[in-house]
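Colleague: As annotated in TrEMBL:
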- PHE26, ALA57, PHE58, GLU59, CYS86, VAL87, ILE88, TYR119: 5-amino-6-(D-ribitylamino)uracil binding site (BINDING)
- GLU91, THR92, ARG133: (2S)-2-hydroxy-3-oxobutyl phosphate binding site (BINDING)
- HIS94: active site, proton donor (ACT_SITE)
Amino acid sequence: MARTTTSKPSAGKAGAPHVLIVESRFYDHISDELLKGATQALEAAGCSYETIQVPGAFEVPAAIRIVVEATHGVKQPFDGYVALGCVIRGETTHYDYVCGESARGLQELAIRYGLAIGYGILTVENEAQALARARVTEKNKGRDAVNACLAMVALKRKYGVDRVIEAGP
């Protein structure tokens, strides 16, 4: 079941983005590292944020879409979104479907609705690769996903896009 938690009550620096982190909890210990890197990066940038946890990477795009739909027609409460999670290859083709569909779903949201999304879903062969990419002391992909999100937020602001757009089919 998805849980929602909110960051510290601090609103961040004036004018700083408010970001939603959607975190897959399938591999809790890996997600914890990704979240640590992401929240450290957001706090360093003076951003405020909220988090939502979902069961797996497959559910991340749907969670973002639900939030967007829930606030349709009004100014969006979030300037950007960060998708975090991990998919480790197993013995079946399930890995291919989850990786491809979660990436496709996030890209579709970004293109169709003009959302600023940072992609931090690890797609790896084994746990060692996942931990090396997730740990803040190593590759820190949670931070990298935040940096991508904030770069897209800056691009939207530069061109005056402050609402969800609806592109045709």
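From the backbone N, Cα and C atoms, a Cβ is placed for every residue, glycine too.
Since we're looking at a predicted model, the values are computed, not measured.
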Colleague: Using the alpha carbons only, what distance in Å do you get between PHE58 (5-amino-6-(D-ribitylamino)uracil binding site) and HIS94 (active site, proton donor) once rounded?
Modeller: 11
Colleague: Hey, which of the binding-site residues PHE26, PHE58, TYR119 is the loneliest by Cβ count within 10 Å?
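Modeller: Relative to the other binding-site residues in PHE26, PHE58, TYR119, PHE26 has the fewest Cβ atoms within 10 Å.
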Colleague: How many neighbouring Cβ atoms, not counting its own, are there within 10 Å of the Cβ of CYS86 (5-amino-6-(D-ribitylamino)uracil binding site)?
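Modeller: Its Cβ has 28 other Cβ atoms within 10 Å.
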Colleague: Quick check on the binding-site residues: of ALA57, VAL87, ILE88, whose CB has the lowest count of neighbouring CB atoms inside 10 Å?
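Modeller: Taking ALA57, VAL87, ILE88 as the binding-site residues, the minimal 10 Å Cβ count falls on ILE88.
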Colleague: Counting every protein chain present, what is the number of Cβ atoms, excluding its own, within 10 Å of the Cβ of ARG133 ((2S)-2-hydroxy-3-oxobutyl phosphate binding site)?
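Modeller: Total other Cβ atoms inside 10 Å, all chains included: 22.
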Colleague: So among GLU91, HIS94, ARG133, all listed as recorded positions, which is physically nearest to ALA57 (5-amino-6-(D-ribitylamino)uracil binding site)? Use the C-alpha atoms.
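Modeller: So, of the listed recorded positions, the one sitting closest to ALA57 (5-amino-6-(D-ribitylamino)uracil binding site) is HIS94.
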